[in-house]
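Straight from TrEMBL, the features:
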SIGNAL    1-22  signal peptide
DOMAIN    633-713  domain 'IPT/TIG'
DOMAIN    807-890  domain 'IPT/TIG'
DOMAIN    896-981  domain 'IPT/TIG'
DOMAIN    990-1067  domain 'IPT/TIG'
TRANSMEM  1108-1130  transmembrane segment
Amino acid sequence: MNNKIYIFVFLFFTCLIDPLLAQTPKLDKISPSFGGTVLRFYPITVSNLGAGATCYVQGLTTVSIAPTIMSSTQIILDVQGPATTSSKQYSIYCKNAGGVATNTLTFGVVNFVDNIQQNDDMYLLNDWYGLPNKDQVSIGNYPNAAYLTKVDYVNATHIKYKVSREMLAGQTPSLYDVTTSAFWSIMNLGYGPVIQSANFLALNSFNILGYTFPGLSQVSFLLDGTTIISPSISVSPESLDCRTDGLLFLQPRFMYTVKIYNSFQDRIFSTDMIFQFNYNLNGYTNSADEGTCTLISFGLALNPIAWGISPTGIPVAQDNTFKYPLDAKCGYLFTTSNSIRASNHLLVCPTPNITSIVTKPDGSNKLLVFKGNFLAQQSFDSDIPTPLTYSITYGDGTTATCSNLNTLWITEDSSYTVSCNIPQVYTFRLEAKTITNDYHSVLVGYTPTITSCSSLDYLVPGKVSIKGTQFASFNLLVQIGGKTCTNPTVNTGGTQIICDFTADIADPDNFYKALSVTVSVGSLYNTSSDLFYYNKRNPTVNSATPTTYDTAGVVTISGYAFLQNDVVVTIGGLACTNIVVNAHGNQITSSFASTVPPGDYKTPLDVYVGFESKYSDNKPVFYYNRPSPVLLSSSSTTYDTPGQVTILGKYFSPSSTIDITIGGAPCTGAIRTGDTKIVCDFDSRVSVINYSDLLDVNVTIDSVYTSKPLFKYIRPNPFISSSSSLSYNSAGIVSIIGKYYTPATDLVVTIGGKTCTSPSATESKITCLFSADVPVADFNDPLTISVSIDSQFTSSKDVFYYNRPTPTITSVSTLVYNQAGIVTIKGTYFAIDDLIVTIGDGECALPNVVSTSEITCTFQADIPTNDYFIDPLLVVVSVNSTSGSNSVFYYTRPDPVITSSSSLFFNQAGSITIKGSYLAYKGNDYIVQVGGSACILPNPNHQPTKDQIVCNYKSNVQISDYSTPLEVSVSIDSKHIVKSHVFYYIKPNPSISSASSTVYNISSNVTITGTQFVHDDLVVTIGQVECTSPSVSQDGNTIVCYFSSNATLVTSGDYQTPLEVFVSIKSTYTAKNSVFYYTIPSIPQPEPNNNNEPVSTQPTKSLSSGKIAAIIVCLVVGVGAATTAAVILIQKKRNRVDLMLSMKKY
């Protein structure tokens, strides 16, 4: 048996026990949460408070109080207000005997004082500002909470609720706190009537539905400011029926009041309501011819029926119209819908209609009898005084009454027969008019007679007096000779009419016959007599038609009062012949010789007309038509040369304005000489097809014009201005520009004395075929062009030039780049005239023409090219601005030059740039080497330029010292070779930033991250132990090596202190950094106990909530075969305390 020794260490802290078992005191609610200022009436429900507690009420002068313990869960506070805070609330909390505070409750201080009812809205008046939960208040009859009505918070002084039948069932109304399910305070409330609806069930029956209608009730109406109390009323609990005069409700909207007596409070309550008819009658319009009525209304009614004007109801159409029945009378109309009155009432009368006159008064009898519809003298079912009246208006405007009126209803045809007496037998209008101003009238007339008519002078308007009998002003129409005599007035008694007549109706018999006079009254009573005569008078001359001066013609003279006897007519004192006066006396025709001198054609000649040597008129109304100018001849001008033109003719005077055109173009500055000659200035530029063609000459004198083809040009010689060119000895078409080339029957053209064949001409251009072989000493010298037209019109001018030939370049001698020298250029058409030579963009100076095929000049040879020895430069030779060019100049190629090279790290392949001169090349024989190893050109798109080569180098030539350069060589075409030691490896400056980890004593690869790692004599150590087989990434930022993981920890058992990583390149370039950490080894799993069961690690016990103040640690050490360590951890997790046990056996 093994001996064992156990050591136990226990640490206990008493602060672990009490906090786990303690309970927090709490105030659950105060019931209700609002009420009066005395708090003892309102129990508070608590938990865990215990004995010895103290409570505090904020908002009272009393700060603290010992609560009265009613039970373990209920207390009361014997304090009272008033509240001292503006919120009208108490804040209540307590502390238990241990000083632990509860939560805080809010209590609202309220007090009911009065109530106001507005129909079914009951308002409770008080200071309700302190209610803590304003939306959680209801009202019911204490103590029954089955029927509760929600109370709405209106403002600090008003809350309201809807009055329901359930509320009226009890007499103990009390506010109910929904949050605490408690009533507060039975209130003494009195309820007035609640009105739900009201309607007129008949004309005089007003029915009110609602509730709270006791036996003692009263209904009154406020109509037009007057209160009318219903004379009779019947009451049921939910209905009131009252009688009132339905004719009082002229307005569609009125107020009515219901008053009741509340025996519970011995108080009268009243409710005011507004009644609005659905159908608002505002007025009406009648259609007398159709007997229909259109109601003007607002609102809607279903299938309305009109009452109040007929014994039976009248259906109203959807468009508010109805047809009057023949027994309809004036009355107060109202409508019903489904037997319920739907509108206010409106005074309505059908339009009276007089259909016929039965008896018309005559000389011995003044009785008038007539028939019609809607002629009742009484209103329907109402006391409307005199709803219909009759009036008589005579034709002279005087009025009278219809006496001894008698109205009889004829049942057989539903009409009325009316009789009355009138004062006199004279045309009159009978009018029937209702109290609502609906009226109808008929004309009762007699045929008028005409006895005489006064006269007027012809065409002198004036007043005409017509005498006779039965003249009346009703739609009076008076005509004389068929034309209306306006503004007729009738004298008293109807024996005279006075009207306005224009006196412009011609008398067909020249004032010897009367015109007809017609009088019409009301379009029904008409008469006519031939009684109107014009007065004789002097004639009036108004106008005369013209004739053309010096041409005899007929003149027509217009006017009036022209007589037929002894007629004399003169114009300008010269007698006219063949005089004829028309039958109406308003026109004379006569023959006139037209020889009286015209003067200025603007001043009229006198026209004299006389009759019977007594009546005459003389007026200046005759004008001559001016004769058109007569053109006889015109002088000429040379085409396109301005000059004066003389025009001969007659009728040129007098003249205030003279306008002349020739061929449509103005001839300006016209000067007239007498009546036969005009001279003007013409620009001579109107074109013609043939110079023998005549142009129209147009002469306008004072708007009178004439036109005649008279003007002919003098043809000009041709004019030469320029010519197109040809190259010497290259035949072609020549264009000769100028003018006056057409028309041309015989056209001859020569250039330099040689005929230009096949000439063709327009007005401004000649084209012809020229051989271009007439020699010239200098291409700058012109040849003479001669043009001959029809052997008569000729012209010559030196305007033809040969085109200078373009120089050609065939070859150029060569130079070495940047070594100036003489260049020889071979070609054709070289000349010294304004000679310019360029090679590339540079001038070849001092050009010298050896011959027309050779030039020498001095070139600086400094124009670069991509490849100086393959790419030619453009050579341009310009002679007198005529240029020839050819890319024929080549440099002599020099050996390339190397000046520098970019660098790489050893063993890190990449691209390098070699710089120098003369490096460009486009061929295939191009070799680049660095340290004897090839540097490969990337692709054909990256060919060397003149000063740079870019190539790919493996960077793998080994050297002992990075300070020693490698040789760079370039070979072009195997003969142009250059070598230079310009390539250097980059000296590395390594740095270490991080290293991956391994498990202690377990060999594994390590990745070291940093910069400028080079695999050249590379050595890596970790904790001074070599990390073997290092390899470097292509970018030089990573080393991977194999580590035995056996380097000693800095401090035994300390895995948190890093080991130093060391990197060495060529024993010269080094870096180190402590960045390597071992991974902590895994803890072995617990071994099974003696019963072969693993020791568990799990919570062993949970305690109730409380505060944890310490950790209990128990350490057990055994001596013998094994050692076991155990740790017990007490930890609070949310609402429980867990004990964790962890054990390990060694």
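Glycine too: its Cβ is placed from the backbone N, Cα and C atoms.
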(request) Using DSSP, tally how many residues of the domain 'IPT/TIG' (990-1067) sit in helix, strand and coil. (result) 0 helix, 40 strand, 38 coil
(message) Please count the residues of the domain 'IPT/TIG' (896-981) that DSSP assigns to helix (H, G, I), strand (E, B) and coil.
(response) 3 helix, 42 strand, 41 coil
(message) Averaged over the domain 'IPT/TIG' (896-981), what pLDDT does the predicted model reach?
(response) 87
(request) Write out how many residues of the domain 'IPT/TIG' (807-890) are helix, how many strand and how many coil, based on DSSP. (result) 0 helix, 50 strand, 34 coil
